[in-house]
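Record features (Swiss-Prot):
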TRANSMEM  13-33  transmembrane segment
TRANSMEM  35-55  transmembrane segment
TRANSMEM  84-104  transmembrane segment
TRANSMEM  106-126  transmembrane segment
TRANSMEM  135-155  transmembrane segment
TRANSMEM  161-181  transmembrane segment
TRANSMEM  206-226  transmembrane segment
TRANSMEM  231-251  transmembrane segment
TRANSMEM  263-283  transmembrane segment
Amino acid sequence: MLKKYLFLTKPGILFGNFITTLGGFFLAAQGHVDFLLLILTLLGTTFVVASGCVVNNVIDQDIDQKMERTQNRALVKKTVSPSTALIFAFILGIIGFGILWFWVNPYSFSFAIIGFVVYVGFYSLWTKRTSIHQTIIGSISGASPPVIGYTAVTHQFDVAALLIFLAYGLWQMPHSWAIAIYRFDDYKNAGIPILPVARSVYRTKVECLIYIVLFAAVLNGLYCFGYTNVFFLLTFNVLTAYWLYLSIIGFKAENDQLWAKRLFLFSVILITLLSLSFSFTYQSPAPNLPLF
């Protein structure tokens, strides 16, 4: 019984957002971690993301039954009713937003609201089904957790918060498109107008390359503005250079699905290492460059 509800929350997505929230928190903490605040921030963010994922499951029932990788989900198999799932999502959301509002701060709460509304409203209900730009919209929600973690410590939105918001958003593009190429038939059968399906795999490869370069340029800004140290500069650029290399060899790939799987898996490794590295690649004291 509990397993069904756990999988409604999409554990893989929860883990990914847990790691990126941790990364934002570490960057802001500069080695001085308030562990109670960290636990509360992680719990609040995880419950909010879980709530959004459950609602997404309810919205995507018709799509999920057409895709091989999702056709065994509880709502598709009708082992959990939509009304029960929505009640579950509501409880998760109340807990998550409550933690962020009462025990973290209004900045983290606000970015949780932004991420939730974009994911459920603008992405799941609208652009996922209608627009080639769905991935850009969805990236806003994906970029919110590291900012939640960062602002939990700083109580302000500064240049570093802007840079990590942009960078994590840019990372989402090749990451998501790689999944779509790897699962091309699933997305095509479900009628989802994601870039590889709506345009072409070749165009997707070109745009993956562009977004990886933009991702690198933005994150290097953390060093340029004085938020990270030289070790970050070197290791981050080595990792990103390899990701760029994987993107480039995709143009000569004999099997697009295998290449896309490789690109996707490395994107996960990259963002995980990047997020965890903020625990020791920060520059202290960090500059005070508030935006609001």
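Cβ atoms are placed via backbone N, Cα and C, with glycine included.
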Same-chain residue ranges lying at least 6 outside the transmembrane segment (263-283) that approach it to Cβ under 8 Å:
16, 19-20, 22-24, 26-27, 29-31, 146, 168, 171, 174-175, 178-179, 182, 208, 219, 226-229, 231-232, 235-236, 239-240, 242-243, 246-247, 250
Which listed stretch (13-33, 35-55, 135-155, 161-181, 231-251) has the most C-beta pairs under 8 A with the transmembrane segment (106-126)?
135-155
Stretch-level contact, the transmembrane segment (135-155) and the transmembrane segment (206-226), CB cutoff 8 A, at least 3 pairs:
no
Can you work out which residues elsewhere in the same chain, 6+ from the ends of the transmembrane segment (13-33), have a Cβ less than 8 Å from its Cβ atoms?
41-42, 45-46, 49-50, 53, 142, 145-154, 160-161, 164, 168, 222, 227-228, 268, 271-272, 274-280, 282-286
